[in-house]
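Structure record follows, encoded as structure tokens.
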Amino acid sequence: MESIFHEKQEGSLCAQHCLNALLQGEYFTAVDLASFAQQLDEAERERMAEGGTTTAEYQHFLQQPSSNMDDSGFFSIQVISRALEVWCLRLVPITSQEYLETSEHPTQEEAFICNFREHWLSIRKLGYQWFNLNSLLIGPELISDTYLSLFLAQLQQEGYSIYSVRGTLPECEADGILRISPAVQLERPKLISEVNKQREKDEGRLSDASTGGQSSQEDDPDLAEALRISRQENELDDKSLQEALRLSMQGYLESVPQQGQDHAPESSGASSSAPPSHPTKEPDPVDLDELRRRRQAFFERQQTNPESPEKGPPAEPPQNKPNSIENDVSPVDSLPDEDSSREEPAVSEMTEDEMLQAALKMSMEATQQDTDQSQDTNSTS
């Protein structure tokens, strides 16, 4: 199909497109056809002048516009016939006696030219197949031998004048290629006007989308609903994660000053009543990596021994030993002792939501544990 020469409609130059499609090449231009039209006009003027240039008929003829062409680019059947004479071709109406006597079936012809009002189109055999080379289509249309007679009859009913092209058409590349490899067409080519309308419709949708229109979502409500649910889920996940991090940081900040007081170094050889030689150290900034490591250590202990997460005997409650203070106990290490009676699922079996809830619970229990230790230390001191 790519080897077939086909011109798309430009303005009203359908006569030019019809001839070039018939001959399978850019043989004629609008200027060439206008020259033929002027020659025909001059020949008609000379015939009218034979009756006298002063007659009313001659003067009326001069005032009339050309019947062979107009400003829109339309050319008459006389112009097309004159152009085909250059190739020793002639047109025979299919309703004429000559055609009826010499043609038994349309498939025995070589080509047809059709005209309706101001539009021209050609139908030609290439290889062993027939093609509608209408310039209003985006490409050639394959016509089967069976459909050819019906197609011509349909054009006649629509008011087309149909002419058979008699003579030897010039050789073309498409004819040789299609003899070897016949064309296959799965879909009929669309009209150029239909394609243009679809393009304008698509451009309108893009314009609405670029200006904030909602036409695309209105056309696809399922897509709009899916986007809305996805945004809600992302917002919930972000809020839960932020809350867990906030509680973890809060517990860490509260535990750092207490741990600094419990583990403050004593000066060797100095009196117990002597004042400290250095001011109290300010708490270090929050280390998010440290929080992650402590959580990971807890989850690893859960995975190693999910049924018994504690590594040693549970710590005695502070009220039983009011004068003793545990040393070097972190919130994460004390968390299993607080809830040793419950079994936690293995980390590999926990879903993302369960892990997030466990982290939140761990942070809250660590905060409570640090608060209790702070109260016990204050009461002891």
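Glycine residues also receive a Cβ, built from the backbone N, Cα and C atoms like all the rest.
Here is what TrEMBL says about this protein:
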ACT_SITE  CYS14  active site, nucleophile
COMPBIAS  266-275  compositional bias 'Low complexity'
COMPBIAS  367-381  compositional bias 'Low complexity'
DOMAIN    1-180  domain 'Josephin'
REGION    194-222  region 'Disordered'
REGION    255-381  region 'Disordered'
Just to be sure I understand the packing, how many Cβ atoms besides its own are within 10 Å of the Cβ of CYS14 (active site, nucleophile)? 22
Taking every residue in the domain 'Josephin' (1-180), the average pLDDT works out to 92
